[in-house]
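Q: Have a look at this one before I ask anything.
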Ligand SMILES: *Cc1c(COP(=O)(O)O)cnc(C)c1O
Ligand code: SF4
């Protein structure tokens, strides 16, 4: 196979986005324009919605980052404070409360204080795959973010030394798959993404690269010809991409086109939704989300239980809720391709929790099985 000979410098410092966006001339790409003009002040937000008194109060009192792209902001309902997109974007006064959230959540969850010495960029829960955190900026500062200490509150500071992370990965030949994450890794410039991919592909034991990025949903303009060139084409090591879409309202023609552009250059696109109270925890929204994802060729992969990070209690459902929704909205009710796995992400890995109505009984002679309508059937027990 031809080796790519692009002369890309190595990067060892934390990346300064503002500099990189300022360097641009008048003909900047739409996605950079969108990123540069984030909706992150009351004044800008007012152009999109009629801000309620409660929202106004929450915004002036918040110390956390908030905001998103003009594109995603334009999907908010102007008058409905319960709009599922608006609730992901606009801070809430309840973020100041914390009854159940675990302090220093990411340190605990990502095993950052365990016995294994690892660079800041590497989080590990599994023997053969790691999460590689390359940046802490995002195209939206989600109110429900479980990585909020890193991304939204910015109380956890990591050293984003990409070369140090790459070196660690190259020295651990049990690692076959790397999840490039953040923040949002696709906010990095094309040449930096190219560098990460090329370096990972040069490591003989790396068999798969996975990107976690919300940009297709909040900034679909990011899928430029330049990015397609960096991600695309046939290679020994494939690239998978999981995005995060939480409500059917987020599904637009722009997203559909971005997904198509990713698929047609060889990138598989999956979805990792987060189960969020008041946003997608009802049967209708849950079903519509998963059907709409398939309509634009995104394969539902996971639905996550909202993790126990501090300050997001108000968005969390009971644990059982996700399994109930799969039972009542998806399994048997719609296409088998629309079925995600419901998982709880923990410090010891992801734990699936699916509806447990299948095996009702088991005896010497038979298994009694129940379907989504509550009907039962039996199968002989094998001895
Ligand atoms: C989620 C996660 C993975 C990937 O888990 P999959 O079940 O393969 O999707 C790997 N490492 C870490 C640290 C994770 O949080
Ligand atoms: S895009 Fe992901 S990392 Fe960024 S704020 Fe949202 S949930 Fe957090």
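Keep in mind that glycine also has a Cβ here, set from the backbone N, Cα and C atoms.
Residues or ranges marked as domain 'Radical SAM core' in TrEMBL: 124-337. According to TrEMBL, the [4Fe-4S] cluster binding site annotation covers 138, 142, 145. The annotation N6-(pyridoxal phosphate)lysine is assigned in TrEMBL to 350.
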Q: Under a criterion of Cβ-Cβ distance under 8 Å and sequence separation of at least 6, what residues of the same chain contact residue 142 ([4Fe-4S] cluster binding site)?
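A: Listed in sequence order: 88, 152, 214.
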Q: Can you list the residues of the same chain, besides 138, 142, 145, whose Cβ falls within 8 Å of the [4Fe-4S] cluster site's Cβ centroid?
A: 140, 141, 143, 144, 147, 148, 151, 152, 214
Q: What recorded positions among 138, 142, 145, 350 have a C-beta sitting less than 6 Å from any atom of ligand 1?
A: 350
Q: Rounded to an integer, what is the Cα-Cα distance in Å between residue 138 ([4Fe-4S] cluster binding site) and residue 350 (N6-(pyridoxal phosphate)lysine)?
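A: Cα to Cα, residue 138 ([4Fe-4S] cluster binding site) and residue 350 (N6-(pyridoxal phosphate)lysine) are separated by 23 Å.
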Q: What three-state class does DSSP give the residue listed as 'N6-(pyridoxal phosphate)lysine'?
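A: DSSP call for the residue listed as 'N6-(pyridoxal phosphate)lysine': strand.
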Q: Quick one: average pLDDT across the domain 'Radical SAM core' (124-337), no decimals.
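A: So the average pLDDT across the domain 'Radical SAM core' (124-337) works out to 96.
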Q: Among 138, 142, 145, 350, which recorded positions lie by ligand 2, judged by Cβ under 6 Å to any atom?
A: 138, 142, 145
